[in-house]
Amino acid sequence: MNEDLKVNLSGLPRDYLDAGAAENVSAAVSSQVPVVEPEPELVVNPWDIVLCTSGTLISCENAIVVLIIFHNPSLRAPMFLLIGSLALADLLAGIGLIINFVFAYLLQSEATKLVTIGLIVASFSASVCSLLAITVDRYLSLYYALTYHSERTVTFTYVMLIMLWGTSICLGLLPIMGWNCLRDESTCSVVRPLTKNNAAILSVSFLFMFALMLQLYIQICKIVMRHAHQIALQHHFLATSHYVTTRKGVSTLAIILGTFAACWMPFTLYSLIADYTYPSIYTYATLLPATYNSIINPVIYAFRNQEIQKALCLICCGCIPSSLSQRARSPSDV
């Protein structure tokens, strides 16, 4: 009874006092416990969506080429092996872009970043090297026309494939083996986690291969013009026919080389002069055209080929159009 009098000095009911004390205690506890803020909603970069869409288109388009070459035993010539290598490299590049989007927003970790960037570097390197190998093969097929279809050419093709894929895989393994900027942000290039030195090596290698392709295509152009002139003389063609055929061959080579340069040159030069401090929008704006090269490659190198066109028609409609079966190969088809 005395304890009740000491506690209830204000004359208020005990229930009211107990409720007030509980509120004071809860307020004191809440002031000591840190407030947990709700996690921010996942914001998707529109550029990443565009890259993922581009990767999906690349994968679907090049998967068709790979399946056509794989399921047709007649397409085992060196030229088709190199086209298949190009399609496979572009297919892996498209898959890499899709995986990069998934890992960036769902499975964020250093390991996934390294694996993804390694796959993208290896696949795009194999794509560019396959383009160079196709250029070399076209040059040899014209310069050594009489001895091109031999076992030696097949062996040389396999050697080129082993070398280009071995080199590309080694370049892709560099970030995984430790050549990355995850521990030192100051060494990052425009594409994290590649280092500036790694990006510089890739860019210089691309410029070297582009210069080599340019030189080879100039020689191919000279050979095509000479062959067209010889055929014109043998069949008593008019000079106008010779001019049209030569112009078509030169235009084809210009489209091939010009497309390659337009797609890859912006990102290559940007990688040499920029680093991680530059706005990321510039990286996306120059990297996106480079992915378009993998979309255009099947159109230039695969779907324009008569044999692949015939195989595709057989798969789609079960017949070969007469326009394809009667078409003859000309010196401009390079």
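Cβ coordinates are placed from backbone N, Cα and C, and glycine is handled just like the others.
Remember, TrEMBL labels are computer predictions, not curated facts.
For the domain 'G-protein coupled receptors family 1 profile' (61-301), the mean pLDDT of the prediction comes to 87. Feature annotation from TrEMBL assigns domain 'G-protein coupled receptors family 1 profile' to 61-301.
Remote same-chain partners of the transmembrane segment (47-70), defined as residues 6 or more beyond its termini with a Cβ less than 8 Å from a stretch Cβ, comprise 80, 83-84, 87-88, 90-91, 93-98, 100-101, 104-105, 280-281, 284, 287-288, 291-292, 294-295, 297-298, 302-303, 308, 311-312, 315. Taken from TrEMBL, the feature transmembrane segment applies to 47-70 (among others).
The transmembrane segment annotation in TrEMBL covers 82-108 (among others).
Residues or ranges marked as transmembrane segment in TrEMBL: 114-136 (among others).
Annotation source TrEMBL lists transmembrane segment at 156-179 (among others).
Sequence-remote contacts of a segment are chain residues at least 6 beyond its ends whose Cβ falls under 8 Å from one of its Cβ atoms, and for the transmembrane segment (199-218) they are 121, 125, 128-129, 131-132, 135-136, 138-139, 171, 189-191, 253, 256-257, 260-261, 264-265, 268-269, 271-272. According to TrEMBL, the feature transmembrane segment maps to 199-218 (among others).
If you look up TrEMBL, you'll see 250-269 (among others) marked as transmembrane segment. Residues 128, 131, 203, 206-207, 210, 213-214, 217, 220-221, 224-225, 285-287, 289-290, 292-293, 296, 300, 332-334 of the same chain sit 6 or more residues outside the transmembrane segment (250-269) yet have a Cβ under 8 Å from a Cβ within it.
Per TrEMBL, the feature transmembrane segment maps to 281-303 (among others).
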Review point. Taking a Cβ cut-off under 8 Å, which residues six or more beyond the ends of the transmembrane segment (281-303) line up next to it in the same chain?
Key: 47, 50-51, 54-55, 57-58, 61-62, 64-65, 68, 83, 86-87, 90, 93-94, 97, 124, 127, 131, 134, 190-191, 255-256, 259-260, 262-264, 266-267, 270, 274, 309, 312
Study note, to complete from the structure: Beyond a gap of at least 6 residues from its ends, the CB atoms lying under 8 Å from the transmembrane segment (82-108) belong to 42, 44, 48-49, 51-52, 54-63, 65-66, 69-70, 75, 116-117, 119-120, 122-124, 126-127, 129-131, 133-134, 137, 157, 160-161, 164-165, 168, 291, 294, 297-298, 301-302, 305, 308
